[in-house]
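**Q** These came from Swiss-Prot, pasted as-is:
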- 1-34: topological domain 'Cytoplasmic' (TOPO_DOM)
- 11: phosphoserine (MOD_RES)
- 35-62: transmembrane segment (TRANSMEM)
- 63-303: topological domain 'Extracellular' (TOPO_DOM)
- 126-149: disulfide bond (DISULFID)
- 158: N-linked glycosylation site (CARBOHYD)
- 159-175: disulfide bond (DISULFID)
- 193: N-linked glycosylation site (CARBOHYD)
- 213-276: disulfide bond (DISULFID)
- 265: N-linked glycosylation site (CARBOHYD)
């Protein structure tokens with residue numbers, strides 16, 4: 001038994017290092033060199049093919065515009081303040097209850113202040129009334145960064161924060177700022193006037209993508225009360241001259257147009273679901289994405 005065990009251990013040691021043949025794990029130094037060289041060349045070629053394929057693919061992709069733009073979903077509609085569970089609940093006589101909503105609006109509108117839009121090399125005035133789309137050339141850097149249209153806070157009226165730093169919350173008349181999410185190259189197509197006959201209160205303009213808010217359910221519609229809309233030129237929507245958006249590389253300071261709605265007569269102590277929708281020929285809605293082209297928010301003004 002002892003001899004067999006010693007013989008077995010000796011055979012393993014000899015396999016690991018054979019001093020007679022100068023072999024390590026059954027191979028000589030030259031053999032190990034050849035096999036290592038083979039694998040270095042083999043995997044080097046694989047890496048080269050992979051890198052080359054990636055480089056060729058990158059040559060077909062623009063860093064300024066997606067290749068398959070037609071597969072991008074329509075933009076979503078978003079409200080500010082953005083609160084947990086999209087609920088706004090507060091007491092007008094309790095500043096702490098609405099402080100977070102006010103802070104959210106203030107922070108968002110910081111970049112819309114006049115001081116932030118002073119640089120004439122970046123910003124330009126695009127008019128005080130809605131107008132047609134403002135094309136700024138191809139999506140490349142041949143012309144460098146593109147200019148950005150200024151957006152004045154004063155166009156948001158009672159919801160601008162210029163005259164009321166609480167945006168109506170201290171009076172129980174909360175403001176909600178509405179924006180259309182950025183989609184590179186998106187060109188809004190406003191609906192035809194006749195398609196808005198269902199909403200006679202909407203102020204129509206062929207150069208505005210309109211937005212309308214109403215109660216989500218029948219019982220909500222009775223409790224929403226009156227609403228005041230604010231936007232460029234007095235139109236509740238997004239003027240076309242702010243589109244298309246050219247992306248972060250070409251328009252790093254881009255300001256999307258805003259509008260605001262103020263709920264001036266909400267039924268007190270009642271949770272009201274309100275839905276706001278953008279209307280346009282290329283605005284879509286999805287049951288899977290409740291923010292695509294619309295949003296709904298619950299608002300409760302407590303006594």
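Just so you know, glycine gets a Cβ as well, placed from its N, Cα and C.
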**Q** Between the Cα atoms of residue 126 (disulfide bond) and residue 276 (disulfide bond), find the distance and write it as a whole number of Å.
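**A** Their Cα atoms are separated by 27 Å.
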**Q** Quick check on the glycosylation sites 158, 265: which one has the highest count of other Cβ atoms within 10 Å of its Cβ?
**A** 158
**Q** Sort out the sequence-distant neighbours of residue 175 (disulfide bond) for me: same chain, 6+ apart, CB within less than 8 Å of its CB, listed by position.
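**A** The answer is 105, 158, 159, 167, 168, 169, 260, 261, 262.
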**Q** Summarise the model's confidence over the topological domain 'Extracellular' (63-303) as a mean pLDDT value.
**A** 89
**Q** Among the disulfide-bonded residues 126, 149, 159, 213, 276, point out the residue whose Cβ has the most other Cβ atoms within 10 Å, with all shown protein chains included in the count.
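**A** Counting every other Cβ within 10 Å of each candidate, the maximum falls on 159.
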**Q** According to DSSP, collapsed to three classes, what secondary structure does residue 158 (N-linked glycosylation site) have?
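**A** The three-state answer is helix.
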**Q** Measuring Cα to Cα, tell me the gap between residue 276 (disulfide bond) and residue 149 (disulfide bond) in whole angstrom.
**A** 25
**Q** Reported as an integer number of Å, what is the Cα distance between residue 265 (N-linked glycosylation site) and residue 213 (disulfide bond)?
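**A** A Cα-Cα distance of 14 Å.
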**Q** Do me a favour and check the Cα-Cα span between residue 213 (disulfide bond) and residue 149 (disulfide bond); whole Å is fine.
**A** 26
